[in-house]
Amino acid sequence: MFSSVFKAIFGTKNDREVKKYLKRVAQINALESKYQNLSDDELKQKFIDFKTQIQKEEKTLDQILNDVFAIVREVGKRTLNMRHFDVQLIGGMVLHEGKIAEMKTGEGKTLVATLPVVLNAMSGKGVHVVTVNDYLAKRDAEQMSAIYNFLGFSVGVILSEQNSDEAHKKAYECDITYGTNNEFGFDYLRDNMKFSKLEKVQREHHFVIVDEVDSILIDEARTPLIISGPTNRTLDGYIKANEVAKQMQKGQAATTPQELPSGDFVVDEKNRTIMITEAGISKAEKLFGVENLYSLDNAILAHQLDQALKAHNLFEKDVHYVLRDKEVVIVDEFTGRLSEGRRFSDGLHQALEAKENVKIQEESQTLADITFQNYFRMYKKLAGMTGTAQTEATEFSQIYNLDVVSIPTNIPVARIDKDDLIYKTQEEKFKAVIEEIKKANAKGQPVLVGTASIERSEVFHNMLVKERIPHHVLNAKNHEQEALIIQDAGKKGAVTIATNMAGRGVDIKIDDEVKALGGLYIIGTERHESRRIDNQLRGRAGRQGDPGVSRFYLSLEDNLLRIFGGDRIKNIMERLGIEEGEHIESRIVTRAVENAQKKVESLHFESRKHLLEYDDVANEQRKTIYNYRNELLDEEFDLQDKILKNIAEYSNHLVSQIYLNAELEDDVKHFESLKQKVSYECNLELNEVDFKDLGVIEVENKLSEILEKVYKDKMSIIEDKEARRIERILYLQILDNLWREHLYQMDILKTGIGLRSYNQKDPLVEYKKESYNLFMELVERIKFDSLKLLFNVAFTQQQAQNFEEKSHEQNEQFLSNTTESGVNENGEAQITKVPRNSPCPCGSGKKYKECHGKSGPKKGILA
C-alpha cells in the first residue's frame, strides 16, 4: 500500500531516472542549431578536436557527451536522413553509463547504438557491438557505417563464414567491430590457444553493447561456449544403453512418503530430470549383465543409461532437435533456429543419435570453454539493448551488476493486448485459432501466428493448407529466408507462422491500408515459460504508434499449464461448467497463467545462478592460467629465471619426498631412489660420489646445482634468442595439454559432486575444495613437467631454428581440427647408450664415466 502511495506522489524509480536524463536532452537539443550551421569539414574538425582532448586526457567522455551526441545526431541527418529522437538520446546515455536500455520494437535501437559507440570509440580502445546472428551484424554495420565513416572511424564485421584469423584480426583492429556473441566468445578461446601474441586476433575488452541482451545473457547463459576435440572412448555403450532404455517402463512419482514410485523410472518434467527406481535398477543390471550398476567400474554405463532415458523421455524430435541429412541438429529453444555445429554435451547428443538410429559421432573432450556470463563480465564496461528486460531486472542486477532503464516510446503504444482464451484441449484450441485466422484473413488483416516448436508450426501449416489459406512458415527448417518472410508479415492478407522468436531484430512495417484494418494481429498459440518471450511476440505489433492486436490461445494440455498451474485453472473451468469447444476469458485466469510463468522463471534463475556459482570457480582458474599464458607469450617475460626457480622447487620437492620417507632406512637407499627418479624423469645419470656424506639440505642444493648446470649447458649450444623461444613453446605445450586434462577432471568432478548432498555435505563447498586441490596439482605439474620435457629434449642448432616454425604449424593444424578436433602426437625417442668406459662422445678425450657419464645427461630425445 505504502509503495503505491509513494509511486503516486514521487513516480517510479524508472520515472525519476528518465527525468534526470531529460534535463541533459534539453542541453543537447540546445546545441542542435550550432552544429547544423557548420559545413561537413567544420563538423569533422570539431569532432577531431574533441577526440584529441580525450586521447590527451584533457577531458572525460562525460564532459563532452552533450557535444558528441549533438554531432552524431547532425551526422545522422546528413548521411542517413535520420534524426535521433529525444528518447533515443536517453537510450544512448543509458548505454554509455553501462546499463540496459529497454526500448520497444521499432524504436530504432540500431540508430541509438551509434551515440555511445561513437563516444566510446574516441578513446581508441575499440568498441564491440554484439548481435544474435550474422544477418543483423552485417546489416547494422552496413547501415550505420555512413555515420562512423563520416567521423573517421573504421568499421569491421566478424561473420561465422569467415574462416581466416586474418579477417577476424582485421575486423578487431577497426575502431568499431560488429559480430555475434558466439564469434566473440570463440575468438577469445582460440586466442588463448595460440603460440604467439602476433597470432591473437582480439585486443582488450574495453566497451561492449549487446543487442537483444536478454536473449544472450539470460536465455543462452546456461549454454557454455566449448572448443572440443575427440576422445578415445568407445561408443558401444550408447547403443546398449538405448536398447535397455527402450525396454524400461515409465512410472509415476510417489505422492506420499510411505508410497514407492511405480515403474522402472520417473520423469520430473519440471526439473527435466530422470530418477530410476529400485525396480528399474534391478532390471537395468539384468539387461546389462552387471552386478552393480552404480559401482565405480560401471559409472560410465550408468551415465549412458541416464542420458538414453532423457533422450527418449525429455527430448522430442522437431521440438528440441531435428534430423537433417541423417544428423541430429539442435533447435535453439529461444529463437527456433537450428544451432548448426553445436552438440549437446555430456553424452546427450550421442544418446539422441542412438535413439534416432543415425551414426553416433565421437564423444568430445573439452579443450577450452567459457560461459557468456563470464565472457561479457570481462569487459570494462558492458551495456545492452532489448525490448524486454524488466521481467529479468533482478537477474541482470545480481549477476551482471546491470541496471535496467525503460525508455519511453517516441509515440504512445496503440496496440490492444486482449485477455487469454483458454480451452480444455489442444484440439479445441487449434480449431479456434484457425477460425480466428480465417476471420482476420477475410478482411485482409495480416496475422502473425507464434508457435513454441517446429512440430506445432507444422500442425498449423497443415490445417491452413486444408482451409486453402495462403501463408508462410518460418521455423528452423527454413531460417535462410527469415528476414524476407518477417518483413512481408505486415502486408495486407499475409498469414505468417513463426516459431517462437524467429525473425527477431527485423521490423514488421505496415501501410495505411493495413492500419485502417486494425494493424498486425499477433496470435500466440501457447504461453512460453518466460513472460519476456511472450512480450517479445506481442511487441512485433504496434511499432512506433501503429495500431495492432495481440491475443494468446491456451489449453489445459499446454506444457506450461499441465506442469505448473493446470489444476487451479481446471477447477475454475469445471466450476463454470465449460463445455467442449467453449473457452474462458478472465483476468483471474490470465493472472494464474502469469503466476505459473513466474514459478518457471524463478526456477530458471536459480538454475543459472547455480551454474554461475560453479563456473565462477572454474573461471578464476581459467583467468589465472590465461594470464600466466599471456605472460609466457610476452618476449619481455624472464622465462629463464622462472625455469631456474622451478629447478630449485623441483629439487626441494624431490629430495623432501625421498629423504623424509620413513620406509627408506639409510642414505644409500635414499640416493638409489633419487637416482632412479631423476633418471626416469629428467633423463640424467647421478653419480654417487657427488652426493656422498651430504645432509638433506646439501643434497637438495647439489641436485639443484647439477640440474641448473645441465639446463644451461643444453641451451648454450643454441643462440640465446632461439633458446628462449624453444623454452617458451615447450612450456606452452605442457601448459595447454595439462589444462585440457584439468578441464576433463573438472567435468568428472562436477558430474558426480551432487551425490555429496546425500552425505549431508554442500556440493558447492565440496566442489570448491576439490577443484582447488586439482588446480594446485595442475600448477605443480605445469612447473615440473615443463622441466622434465626440457631435460628430455635435445637439439642441434639447425633443429632449433626450424622448431618454432614447425610448432606454430602444428598448433594451427591442431586448432583447425577442433570442434574442432585433433591431438598432437609425441615424437619417438631416439636413445643413444654409451658404455661407461668408452671415450666420451663430446670429444674431451676422457672416459664417458668421468665426463658426461658423471652426474649429467643420460640420453637425448630429438624434438
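Our numbering is plain: 1 for the first residue shown, then up by one each step along the chain.
Note that Cβ sites are derived from N, Cα and C of the backbone, with glycine treated the same way.
Per Swiss-Prot, the features are as follows:
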- Gln88, Gly106, Glu107, Gly108, Lys109, Thr110, Asp507: ATP binding site (BINDING)
- Cys840, Cys842, Cys851, His852: Zn(2+) binding site (BINDING)
- 812-829: compositional bias 'Polar residues' (COMPBIAS)
- 806-863: region 'Disordered' (REGION)
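Sequence features, as recorded in Swiss-Prot, placed on the structure.
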residue : record           : CB count, 10 Å
Gln88   : ATP binding site : 27
Gly106  : ATP binding site : 22
Glu107  : ATP binding site : 23
Gly108  : ATP binding site : 19
Lys109  : ATP binding site : 23
Thr110  : ATP binding site : 19
Asp507  : ATP binding site : 15
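Apart from Gln88, Gly106, Glu107, Gly108, Lys109, Thr110, Asp507, the residues listed for ATP, the same chain places the Cβ atoms of Met103, Thr105, Leu111, Val112 within 8 Å of the centroid of those Cβ atoms. The record assigns Gln88, Gly106, Glu107, Gly108, Lys109, Thr110, Asp507 to the ATP site; their largest pairwise CA distance measures 17 Å.
In this structure, Gly108 (ATP binding site) belongs to neither helix nor strand by DSSP; it is coil.
In the three-state DSSP reading, Asp507 (ATP binding site) counts as coil.
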